[in-house]
Amino acid sequence: MGKNNTKRGCITAIATMLMVMLTVLPLNTIGLFIRPICKELQITTAQLSLCFSLNAIGAVATSFFFGRLYKRFGKKPLIVVGGITVFLYLFSMSVSSNLFLIYVTAAVAGIGGTTSGFAMGQLTMTEWFDKARATMYSSLTITLSLFVALLSPIIASGILNFGYRLVLLVEAFISGGGIVLLGLFAVSKSPEKYGMRPIGYLSAHHKMEPIGASLTMAQIRKTLPFWIALLISLMTCTVGRVASTHGNNFFQTLGLSSTQASYVSSVNAIATLVWSVLFGVLSDKFSPKIAAVSSGCFAAAVMLMNPLLAGMSGALLYAIFVEAESGIASIYSPAVVAKVYGKQEAAQMIGLIRCFASIGSIMGPVFAGILYDRFGNYSFCLFVTGTLMIFVVVLCIVLDNKKVWKI
């Protein structure tokens, strides 16, 4: 176990960031294709939007079984399958006018969203990094945010000049092919497979084993800390998805034009990146609790003060501080369960965390839409999400209490 792990670990980390980006980027930029696809296929936005729901349902189902799939097939085959499903989804949207085929491939691509997306990315970072693990989790979000910001204008220009079909075809080959190649040749299996230790590893003489390191997954499911971590993931992703999907419309309710709202949305994307960096650094430097409580309070405060927000200044204030929750949604729960239970059952734990996160991502936009239609504004919706964030902060404090860890 004395082999140098730094070079392989760094290559794996970079490859993992790119793999997650190639998996999630097409899903995050699919909104750019909605109008041209609906116009050419002569379908409604609601009809096309069903494919996004089917994709999310596929991700939930696969996340639930992710741990078992990982144990049965291993990392590289799952990543290859993920790349193939992403390719099929984008390719079918590019060449087909059959809405049913698009629905089927969208649901199947939900598999790719798990086996080569954030679940696999977080698991790989957990395996390869004992030190600065939260920062490595945040790097996945940072890489994605950077590429979304850089490539969205290029994709929009490509659709305008060459048509959506050609752009989707190019995306299919770059994303699908890139994921497969990274999975086969760059993303490594766990370090133990190569006779190595994780980066930052300390021997048993220099560190304490996690209190739940000896537990099986069946035993972990019966413990309180694990369910608190799942609940935190569910609630923060519900809140986060409300902010991301309804943000542009909320800015316009504050008196901004659609053009001004799009500029504020860009600020919102940058804020996501910055908060992710801060959360990872605070978690590794101090503790996940300090990072979660501080960022959660910022997010809750700006949501609860929404009746006082107006105009550009109010929109910018909201756009900057609402994304404080993004670190909790993507980093906190995986970091805490690794701290409490170790890495023995990491695949199944992270799979279930992503499962609950996906459920929250499905619930959030629907919940916000219903409340907006009922009240004609987002005041009550943001009151509810702000209250949820306060509850999340309380749960993070509770989860840090060692008495809760008596498992």
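These residue numbers are counts, starting from 1, taken along the chain as shown.
In case you wondered, yes, glycine gets a Cβ from its N, Cα and C as well.
TrEMBL: automatically predicted annotations, no manual curation.
Copied over from TrEMBL:
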- 12-34: transmembrane segment (TRANSMEM)
- 12-404: domain 'Major facilitator superfamily (MFS) profile' (DOMAIN)
- 46-66: transmembrane segment (TRANSMEM)
- 78-95: transmembrane segment (TRANSMEM)
- 101-125: transmembrane segment (TRANSMEM)
- 137-160: transmembrane segment (TRANSMEM)
- 166-187: transmembrane segment (TRANSMEM)
- 224-243: transmembrane segment (TRANSMEM)
- 263-283: transmembrane segment (TRANSMEM)
- 290-309: transmembrane segment (TRANSMEM)
- 315-337: transmembrane segment (TRANSMEM)
- 349-371: transmembrane segment (TRANSMEM)
- 377-399: transmembrane segment (TRANSMEM)
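For the domain 'Major facilitator superfamily (MFS) profile' (12-404), the mean pLDDT of the prediction comes to 87. Long-range neighbours of the transmembrane segment (263-283) within the same chain, counting only residues 6 or more positions beyond its ends whose Cβ lies under 8 Å from a Cβ of the stretch, are 132, 134-139, 141-142, 145-146, 148-149, 243, 247-248, 251, 256, 290-292, 294-295, 312, 315-316, 319-324, 326-328, 330-332, 335. Highlighted: of the candidate stretches 46-66, 78-95, 224-243, 290-309, 377-399, 224-243 has the greatest count of Cβ pairs under 8 Å to the transmembrane segment (349-371). Beyond the transmembrane segment (315-337), the same-chain residues lying 6 or more positions past its ends with a Cβ under 8 Å from any Cβ of the stretch are 118, 122, 126, 133-134, 137-138, 140-141, 225-226, 229-230, 232-233, 236-237, 239-240, 243, 247, 250-251, 254, 256, 260-261, 264-265, 267-268, 271-272, 275-276, 278-280, 283, 288, 291-292, 295-296, 298-299, 301-303, 306, 309, 346, 349-350, 353, 357, 389, 392, 396, 399. Residues of the same chain lying 6 or more positions beyond the ends of the transmembrane segment (78-95) and with a Cβ under 8 Å from any Cβ of it are 19, 22-23, 26, 33, 37, 55, 69-70, 101-102, 104-106, 108-117, 120, 164-166, 168-169, 171-173, 175-180, 182-184, 187. Relative to the transmembrane segment (377-399), the listed stretch 290-309 leads the set 101-125, 166-187, 224-243, 290-309 in CB pairs under 8 A. Between the transmembrane segment (101-125) and the transmembrane segment (12-34) there are at least 3 Cβ pairs closer than 8 Å, counting only pairs 6 or more residues apart in sequence, which means the two stretches are in contact. Same-chain residues lying 6 or more positions outside the transmembrane segment (166-187) and placing a CB less than 8 Å from one of its CB atoms are 11-12, 14-16, 18-19, 22-23, 25-26, 33, 75-76, 79-80, 82-84, 86-91, 93-95, 112, 116, 124, 155, 158-159. Under 8 Å from some Cβ of the transmembrane segment (224-243) lie the Cβ atoms of residues 212, 268, 299, 303, 322-323, 325-326, 328-329, 332-333, 336-337, 340-341, 349, 352-353, 356-365, 367-368, 381, 385, 388-389, 391-392, 395-396, 398-399, 404-405, 407, all in the same chain and six or more residues away from its ends.
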